[in-house]
């Protein structure tokens, strides 16, 4: 009997311990998240935000006024940092109110050559596209005897995606103070879909996959093109990994998963750095049945939908080496997290140049590229057009800094708008392989900076500002990401890794200045480079 009582006591103690652990690690954090909005001080951009503890609450519609916050423009009453300490209410507002984010960009936008699109030509083109879509949709309904009371689509020039396209200029994909981006993010989050299809690169691979390739861009990296009721388009990348999962250490960078939350976080980081070279991206809970399966006309896409043993609706990419259900993405049971990245203007309107990255990695299981073996590799690059006379090399270094912060090793190409010429900015597309490992800082990504020892003055000033406690990078990123429907977008270790990597970048710049002098490292304008002498990098600015 005493032994039986002792066993009962031990069992009660064990149950009490398990209950306490569950309360502390699971229930209490949920209560904190639900109470946090009400604790936010007045004026905080995340106040009034609905908690995202469950799929149903996150899928609920939100107040458009809350979502349409202008991220790039500080509140009029915000205290200017130069006149004292920034307001403790919002580090993000204080950051965007800082004088660095108010300096007029040079050169000023004066004429049509400074804007990507000619507005009248673009509007005519989009009207024709809408009319063509209506004709094809009518033929499709007649072919399958479908009845629909929906009226034909009407082209609206004031649509947010149209205004986004018309606002792209020689300084960036959008202006700092533009309210269009907030409207576009809201529309991509809430507008119903009217069509879904594979992306162009996925279509090119259907039935023609080279199984000898090590790099397999389809299957595991499934992405779809979704079109909304306002005729805007976005690239949808579904969730493949939980936020807490890190990329396994034995994975090569070219077979890593593409993460939807990395696309969302990359957009916010790009805007905080004042690059504005990542297309607007937002997280969304998509109903894969209603918003993909029931609106797609692609029979191949329709054929890869199935219901899992857990009664969840799933789909996968149709490709010989990945036509398997274990590579599928699944809803819960219908809702699936994903990122939506706004499409850039059609190549017919705005041609883009795709250029191999001079610091491209070796996409094989063995072997290295020249830059990985030759520390003076940058001297060779600086003798080659267009890196010998334009700002292109400084753009490469900006891109390397951005990629190092997010941990992206997969930047094999970069794109530019041909209209803006050699001095145009590099567009930071496809960031889904970022934020894979917070525990590792891949310093080789910084090779363009460490080998060339050059950096834009504007970029350096922003990095130094974000290293200060009042504008700490992890804090402003955390606050910015809270505005997304899928918050928390990044786990805390990933946010803290941003601060650590920022210090590594600044240390690299300090080492370059000590070796070559500030005038040769910090570039205030167009770089003027000549052939290096005595094997030393020529870093004139």
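Using the three backbone atoms N, Cα and C, a Cβ is placed for every residue, glycine included.
No curator has checked TrEMBL annotations; they are predicted automatically.
Taken verbatim from TrEMBL:
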REGION    38-89  region 'Disordered'
COMPBIAS  50-61  compositional bias 'Low complexity'
BINDING   237, 341, 342, 343, 344, 415, 430  ATP binding site
DOMAIN    305-522  domain 'FAM20 C-terminal'
ACT_SITE  410  active site
BINDING   430  Mn(2+) binding site
Count of other CB atoms lying within 10 Å of the CB belonging to residue 430 (ATP binding site): 22
Nearest-integer angstrom distance between the alpha carbons (Cα) of residue 341 (ATP binding site) and residue 410 (active site): 18
PLDDT averaged over the residues of the domain 'FAM20 C-terminal' (305-522): 93
Site of maximum Cβ density within 10 Å, from recorded positions 410, 415: 410
For residue 344 (ATP binding site), nearby residues of its own chain (Cβ under 8 Å, 6 or more apart in sequence): 165, 168, 173, 279, 350, 352, 427
Among 237, 341, 342, 343, the one of these binding-site residues whose Cβ has the fewest neighbouring Cβ atoms within 10 Å: 343
Shortest C-alpha distance to the residue listed as 'active site' - which of the binding-site residues 237, 342, 343, 430: 430
Distance in Å spanning the most remote Cα pair of 237, 341, 342, 343, 344, 415, 430, given for ATP: 20
